[in-house]
Amino acid sequence: MSKKPVVLMILDGFGLTNKVDGNAVSAANKPNLDNILKKYPHTQLGASGMDVGLPEGQMGNSEVGHLNIGAGRIVYQALTKITKSISDGDFFENVALNKAIENAKKNNSTLHLLGLLSPGGVHSHIDHLKGLIKLAKEKDIKKVYIHAFLDGRDVAPSSAKEYIEDIEIYMQEIGVGEIATISGRYYAMDRDKRWERVQLCYNAIVLGKGEEANSAVEGLEKSYRDNKTDEFVLPSVVLKEGKPKAKIENKDSVVFFNFRPDRARELTRAINDKVFDGFERETLDLTYVTMTEYDSTLENVEVAFPPEHLNNTLGEYVSKNGKKQLRIAETEKYAHVTFFFNGGVEEPNEGEDRVLIPSPKVATYDMQPEMNAYEVTDKLLERLDEDKYDMVILNFANPDMVGHTGVFEAAKKAIETVDECVGKIVNKVLEKDGTAFITADHGNSEEMIDYSTGKPMTAHTTNPVPFMYVSNDSKELREGGKLADIAPTMLQLMNLPKPSEMTGNSLIK
């Protein structure tokens, strides 16, 4: 007897907009998808900003999209999680951060706040630094010093003065905190073991040695006169009465407030590792806190926001209930339907089979917009005929990968290819009396023109994505959904109760 499979097709980068210019989705000849929209229930889902745990107005991406779909709940990204905890007030009770506070109190020592002084939101956010300064004030810590790393990459190249003045005004108003050093991120945030760069930053922060200035702005302006933009500002020590304002010493507390790990590891190791061979330096006895987990092998470190383990993701829960599942995609999106869909877990669940179709070897995908969608489809049809699987997760990479090239005609061809493949799969699923859900993880190829400049746009969008429900017994769908609502919908079709960890809600009315 044939199983009634529940098949989720993720058309990567297939968003929806009413705009016609630069819209490869609406321009493509796609009889199958058009027919599905006429004949079957469909709705739109939020796939960007707060709907997927990102800051408001931030475009979605494939990692975040698959994480949210697979988790069946909004998965807050580090930036949003920390910002939310400040506004909710939990931040001020954070155990790791309060260890730094208690140590400074107990030893009458200094609290040092290190990180990228920027609203860029890629590695850090200036608002998180303000949260730390506020915490120090609330807990009555008197000696608070900022070691400010200057950005110039995720924000304009010479914009640091604005952020220095912003934080200095904030510290004056709140009544605690001073900037002790400034360093361009080129030195402070290396990630390629260029220890000679890191050492210059270390020397300023720990030894009080480097370029000298009477204020942070003075140090910055000197750098500008030497034609060095923010990123390349030489590590500089701010003096008070001819001496460094502050340097990291034994028994001090350090909080590194970058949330993205890759460029925060090296300086952390240089300051805090007991055994270190990057350059010669003394070992310090510190209370050292990192905003997120920079590396699981770091010792003597407290983590303020440790990684969350997502229990009962869709794949794990279906597996626990004895069901069989298949994940299938070509190379470009294989990690997304496996690792990210499973909440950042590499190991397959029990009863989870995986099929990887190699992506074509071309320089850019506009040269082969069909990619290997036909091979993915053929392989899936074969597997469906085995009548083994209760659930299938499939990704077509074309609308996203070809959308990124900015070549409109190629993106159109990509959509047409996917339409052909969707048609074949839907027919097979209906033949087996199964259900096909068709959606996307984020937008891209529906908006290939930057409307403000008229130039090609290669980025993702903040547009909603479709959700189509194809079966011999389709029911009505509600409006106002988001990606996290897909897993509960699929579970309903599989007659499985939703686990308590899933906070998404079924889209079926």
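Cβ atoms here come from the backbone N, Cα and C positions, even for glycine.
Mn(2+) 2 binding, as stated in Swiss-Prot, involves Asp12, Asp441, His442; the candidate among Ser62, Ser474, Ser500, Ser506 given for that site is Ser62. Cβ-based neighbour count (10 Å, all protein chains) for Asp154 (substrate binding site) stands at 15. Cα-Cα distance from Pro261 (substrate binding site) to Ser62 (Mn(2+) 2 binding site): 20 Å (rounded to the nearest whole number). Other residues of the chain with a Cβ within 8 Å of the Cβ centroid of Asp400, His404, His460, the Mn(2+) 1 site, are Asp12, Gly13, Ser62, Pro399, Met401, Gly403, His442, Asn444, Ser445, Thr458, Ala459.
Taking Cα separation as the measure, Arg263 (substrate binding site) is nearest to Ser62 of the binding-site residues Ser62, Asp400, Asp441, His442, His460. Within the same chain, the residues at least 6 positions away from His460 (Mn(2+) 1 binding site) whose Cβ sits under 8 Å from its Cβ are Gly13, Ser48, Met59, Gly60, Asn61, Asp400, His442, Gly443, Asn444, listed in sequence order. Between Ser62 (Mn(2+) 2 binding site) and His404 (Mn(2+) 1 binding site), the C-alpha separation comes to 13 Å.
For Asp154 (substrate binding site), the spatially nearest entry among the binding-site residues Asp12, His404, Asp441 is His404, judged by CA separation.
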